[in-house]
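Peer 1: Not my notes, these are from TrEMBL:
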BINDING   17, 22  substrate binding site
BINDING   107, 108, 109, 110, 111, 112, 113, 114, 115  ATP binding site
């Protein structure tokens, strides 16, 4: 990931805070911040498919985040001081999680459409859609995954030995 050309050229990067069964992102987050780039993390709105990408100020900032009912760390709803990526300069790159992926870039998420809806919002931003990279384990690569017309394929999937 760290040597990827798209990562190297990106200044504003969104990345998920990994759950135990996902590719661990902590070291990538530390590198984003160490390189002086801007790092954004998701804040999901329960009972909806709305998600914002909010700015993380430091790696230590993660320990101040609230734990959701899904056991995901994220900024609390009353945290209004953080920049939302689309309210500012948009994003260059989004690292995306998923349960399964196919070689056409289709992604099976957790069923709420958070990332697809967010990417639709990105397309309306003057900067346009950021490059998307899914982080996966080899075992998550499938022949095909179910998709609907609202699903936005990822630009690239990174996994071991890809």
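Quick reminder: no glycine exception, Cβ is built from N, Cα and C everywhere.
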Peer 1: Just checking, which of 17, 107, 111, 113, 115 (binding-site residues) has the fewest C-beta atoms within 10 Å of its C-beta?
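Peer 2: Output over binding-site residues 17, 107, 111, 113, 115: least Cβ neighbours within 10 Å is 111.
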Peer 1: Between the binding-site residues 109, 113, 115, which lies closest to residue 22 (substrate binding site), Cα to Cα?
Peer 2: 109
Peer 1: Can you tell me how far the Cα of residue 111 (ATP binding site) sits from the Cα of residue 17 (substrate binding site), in Å?
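Peer 2: The separation of the Cα atoms works out to 18 Å.
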Peer 1: Which residues does residue 109 (ATP binding site) neighbour through Cβ under 8 Å, counting only same-chain ones at least six apart?
Peer 2: 97, 98, 99, 115, 116
Peer 1: Roughly how many Å separate the Cα of residue 107 (ATP binding site) from that of residue 17 (substrate binding site), to the nearest whole number?
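Peer 2: Rounded to a whole number, the Cα-Cα distance is 18 Å.
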Peer 1: Neighbours of the ATP site 107, 108, 109, 110, 111, 112, 113, 114, 115: Cβ within 8 Å of the Cβ centroid, same chain, sequence order.
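Peer 2: Nearby residues not in the site list: 98, 116.
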